[in-house]
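Listed in TrEMBL for this protein:
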type	residues	note
DISULFID	Cys94-Cys111	disulfide bond
DISULFID	Cys113-Cys122	disulfide bond
DISULFID	Cys611-Cys638	disulfide bond
DOMAIN	17-63	domain 'Gla'
DOMAIN	85-123	domain 'EGF-like'
DOMAIN	166-202	domain 'EGF-like'
DOMAIN	267-439	domain 'Laminin G'
DOMAIN	451-638	domain 'Laminin G'
Amino acid sequence: MLRAREAAQFLRPRQRRAYQVFEEAKQGHLERECIEELCSQEEAREVFENDPETNYFYPRYLDCISKYGSPYTKHPDFVTCVQNLPDQCSPNPCAKEGTQACQDLMGNFYCQCRAGWGGRLCDRDVNECGQQNGGCSQVCTNQPGSFHCACSSGYVLSPDGRTCLDIDECADAGACGEARCQNLPGSYSCLCDEGYTFSAQEKACRDVDECAEGRCEQACVNSPGSYSCHCDGRGGLKLSQDMNTCEDILPCVPLSTARSLKSLYLGRMFSGTPVIRLRFKRLQPTRLVAEFDFRTFDPEGVLFFAGGRQDSTWIVLGLRAGRLELQLRYHGVGRVTSSGPVINHGMWQTISVEELERNLVVKVNKDAVMKIAVAADLFQLERGLYHLNLTVGGIPFKEKDLIQPINPRLDGCMRSWNWLNGEDTAIQETVKVNAKMQCFSVTERGSFYPGTGFAFYSLDYARTSPDVGTETTWEIEVVARIRPATDTGVLLALVGEDRAVALSVALVDYHSTKKLKKQLVVLAVESVALALMEIKVCDGQEHVVSVSVKEGEAVLEVDGTKGASEVSHEGLTESLAVLGKHLQGSMRTFIGGLPDVPVTSAPVTAFYRGCMTLEVNRQALDLDEATYKHSDITSHSCPPVEPATP
């Protein structure tokens, strides 16, 4: 009825009134004035003949009017005629698909709709999904007269037809192949260890090449499940906190490296050549007078040479085993004399050498320690002039041509010198403008590595059996006493002719596998860390680092505490086999740094800065005996830690 009424709202006024008349007629109560408003039955028919609600009733109603007259006369037979009209459900006015049954209401009808249908004629589909999603837990799909619950991918519909249950894909053993399977709501994930990614096609974990992703600022080395970044250590760089970028290596312990302008450092020339050369010419015979203050921890070396050519007359004042030694050659006859106290204790003392009437007198702190008779003067007449050559910190010829060979290199310091009564003022001016010719103001015993160079030796690590010439094994034992000034640097390394770093011991400020910043000592073969040990590298104190590597064993200790192994037994065996193969070839032992090798050759390539003394295979290494030493390295003295300011 609602639909018919709504339709009547759009009729003309007279048609709307006619609709009202017939509605009242169906209900059995009519008003006379309604007839007067209708021009004819044709007009009334026009109103209703297209109305589905009156399509069945109206023709029969007109028949009752024809038989019993106007309904407004209220003839009893008219009312009975209308009430006895035939079944209003025949023919069925309801929509067939949506109707369960049609009920005759005697002049009207009622369509009983099936579930999912609505409207007077049951011709309107009800959208069950519009109310609380039709009761579906996930997907609701409306259908004509019905609806259907469905589930998203990864779920299955439960027996109640509405609830979705998660599918456990991991119940299938082959879901992830070699990877670990993790069930998720509506899905699953195939998990790999860090550094690996899952290949759905192969159903396996594959290594991620982090280097291809450009993670490192400088050099990058990919490894199974990981990667490592490397910085130009020789250029003064190390890894920063993020383990990917590089930063400067800065001192963490300040050293007293101030230099004295009025001092002369004798150990600057590793070649053993003199640091100062003087030539004196006199018209009259002149006697040698030399006096200076001297300080050293070095037990051996040359203080100065005075005389002529190597095959003529000369003297060399040096140190051997910490005592003064004088070598003399007069008229081809050589002598060696040693006497006096041990003076390589690092304290200043005054030393003098003077020619007196066919005698040479050597004094320490004004006390004569040597008085030697000589057969001639050191100044030699040549072309009308008396000549004397004087060299400081070295000799003008090869040390093998000395009467008794001596290592001329001397890590010592002079001040307040007086050569021939002060006729050498030019030396002071030269020293003032050249800081490398000056001494540290204060020093301690040790060797100083400034972080700018290295030294190396040619050492043999092979051990032979009692059978002559039969090589059986090798051994590397190192004891390093260090007082570092930075947290990164190479202490010792064995490098082959192919620039392969066979073994290295170094300070490093990060744990490479844990990607963690920490102060450590690392023992490595090539780029593989065998052992690590923590160290308080920046406390300004001396620490003892011990290394023992032999067939089947690699031990690292710091201050008596053994470090942790970083490789499996199989990995250790493999690395030591690689080391043993390297040791069969020519090998150099580098101290304080590495030569120009790729930054990925070893965990650390930076130069060491700080104090250090070394024993290798139970022999103390003397830097004056090295095959090569950078001129900035001091072999027997080291600046102390700078006192803290109040």
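Positions of Cβ are set from backbone N, Cα and C atoms, glycine also.
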Neighbouring CB atoms within 10 angstroms of the CB of Cys111 (disulfide bond), all protein chains considered, total 22
By DSSP assignment, list the helix, strand and coil residue numbers for the domain 'EGF-like' (166-202), in that order.
3 helix, 15 strand, 19 coil
Mind telling me which of the disulfide-bonded residues Cys113, Cys638 has the densest Cβ neighbourhood, counting other Cβ atoms within 10 Å?
Cys638
Which disulfide-bonded residues (Cys113, Cys122, Cys611, Cys638) fall within 10 Å of Cys94 (disulfide bond) by Cα distance?
Cys113, Cys122
Keeping only the disulfide-bonded residues of Cys122, Cys611, Cys638 whose C-alpha lies within 10 A of that of Cys111 (disulfide bond) yields Cys122
Please average pLDDT over the domain 'Laminin G' (267-439) for the predicted structure.
92
Could you state the whole-number distance in Å separating the C-alpha atoms of Cys122 (disulfide bond) and Cys611 (disulfide bond)?
101
Round to the nearest Å and give the CA-to-CA distance linking Cys638 (disulfide bond) with Cys113 (disulfide bond).
106
What whole-number Å value do you get for the CA-CA distance of Cys113 (disulfide bond) and Cys611 (disulfide bond)?
101
